[in-house]
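According to TrEMBL, the protein has these features:
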{"type": "DOMAIN", "residues": "B:42-251", "note": "domain 'ABC transmembrane type-1'"}
{"type": "DOMAIN", "residues": "B:334-516", "note": "domain 'ABC transmembrane type-1'"}
{"type": "TRANSMEM", "residues": "B:47-68", "note": "transmembrane segment"}
{"type": "TRANSMEM", "residues": "B:80-106", "note": "transmembrane segment"}
{"type": "TRANSMEM", "residues": "B:126-146", "note": "transmembrane segment"}
{"type": "TRANSMEM", "residues": "B:187-206", "note": "transmembrane segment"}
{"type": "TRANSMEM", "residues": "B:232-254", "note": "transmembrane segment"}
{"type": "TRANSMEM", "residues": "B:286-309", "note": "transmembrane segment"}
{"type": "TRANSMEM", "residues": "B:329-356", "note": "transmembrane segment"}
{"type": "TRANSMEM", "residues": "B:368-387", "note": "transmembrane segment"}
{"type": "TRANSMEM", "residues": "B:399-422", "note": "transmembrane segment"}
{"type": "TRANSMEM", "residues": "B:453-475", "note": "transmembrane segment"}
{"type": "TRANSMEM", "residues": "B:495-518", "note": "transmembrane segment"}
């Protein structure tokens, strides 16, 4: 990755099913840019060369919607004009199944996180912890092959942070989902940590 | 490469071609003489235009700088800004004329009053009345632009710092915020100045006749189809460009002097304690609301009165049948106006949205002045160029083209802030869930930006409804509109009938704005 003032030369990184790879480093070094590139967002100001393989398939040339990579961010990004239920159905819509089956699935998922009463609530009516849970459920609802976590816990207070962190790792492990986490706080990291400052060149 | 070629092609069609045609016609016209002769013939008008434009622009500038400090004008106020100038002027004239409603109220309150007024500067057609109409109409536009820019600055943090250093709020505003704001509102101020230089319909209604403003003089000369006056028309339109350039240069110098003066005041470190003001009254939303309501009522009463002699506050006789009698004439004009406005607003809106989307994808968040270039050239010159190129009665296509060109920058301006403030990560989220770019755009961006999108369309619609010069010069016979008829009737002195057309024009715009606001109200 060649930035305006520096470049990063990162060796091959592999994430297995159910494993979380943590990327850390100073602000501005390129953590989020790397994550967006993996997701498929064009990076007009950065030159990036490399390959992204999912289950051995090169997805680097595919548009975002065909890469099957989920995203959870610090801002949670639940669509504010949709209710909780609509947010989850929106993620499910691409899957097979009739209306009743999809609604049943949403109900089960909300039950599993004790948020069934919030099905018709709008995101602005949720607490930070509730919104974070829904955001993770929504990302998983589209059945991605991998998931990207862009500082998903940094807007939460210390107590809630631990609760949501545990919920996230448990959920991802249960789903055997490979994940890449970007964070400033190494305490967030459940496993393998890569510090991008080690690959920094002026 | 292709996008650059498209931009060059658009610039050619919009600007270079019409300006080139006018320049070419000027130099080859049979008019004996040149710019110096034209200037001699039109010098009175040119100086008057320069003075009116400069004074109006400066009053609007200082008014906006002072009033932007206060309570923010809401999105609803865009509907006031969009009140067509013609309807506004016709209503305002009845309000402030020597025997108008305001004078009658004073007369009723002060028995010793010897009204109506006989003063020439407050006559129904004067440079003063023209400036009053333009200032009242343009000031809220610049206040809104200034307040939108203030929102983007960390004013509260700056204010805390300044107050901690012992500065009053008012001194902080003028020494810290205003210097930063001046540069940011330069573009809308220039748009107002260019509009004032080139406006024709308002001077026809409330402006002086001898001498007339330069744009009005050129407009009237262009109706005299002989070779001698045609030469004068071309040189006159170039003189208009000259007046516009000189005005912009003077405004730039004023800005520079003001910046230097405020900087020296700030550097002096003087703190003049003044009474703390909340600033809540500044911005004066109630004033604009009251003015709009009074002008509307004034138009309504005028449209149904049969006799209304001085000093009576209310009409003595009513003629309700005027509306019914006029309906057969208004209906086709309404049809023409709406068809043209809907088509041109839609084309302009689609172009603005497409441009903003491309810019957002390229992360180009700055307002591109090049796309507003048609507002930086006097409208009369552009339309004259088109008229010379495509003919005096070009039909719907030529008319649609001209309206779209002038609607586009307003749709772009209205939507620019909201579109570029929209976090693109919402779209990435939707696409990461399996939706394509179009589906993500329609299902996520459109519902979230529905109000700015709708208001941008409504703004473009209102601009089309208000167009006078392009309609009058490009398709006067085949496509008369409410605006062209309202100006024709009211400038002929029939204010009662003019009010009927002005109200129909106002109602058209108002209905669209209300639908845009009502249809996009937030559910959550």
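Numbers here mean position along the shown chain, with the first residue as 1.
Cβ from N, Cα, C; glycine included.
Same-chain neighbours of the transmembrane segment (B:329-356): 371, 396, 399-400, 403-404, 407-408, 410-412, 415-416, 419-420, 453, 456-458, 460-465, 471, 479-483, 485, 500-501, 504-505, 508, counting only residues six or more beyond its ends whose CB sits under 8 Å from a CB of the stretch.
With respect to Cβ pairs under 8 Å, the transmembrane segment (B:453-475) is most closely packed against B:399-422, considering the stretches B:368-387, B:399-422, B:495-518. Listed as Cβ neighbours of the transmembrane segment (B:368-387) (distance under 8 Å, sequence separation of 6 or more from its ends, same chain) are residues 7, 11, 14-15, 17-22, 187, 190-191, 194-195, 197-200, 215, 218-219, 222, 233-234, 237-238, 240-241, 244, 355, 359, 394, 398, 401-402, 405-406, 408-409, 412-413, 469-470, 473-474.
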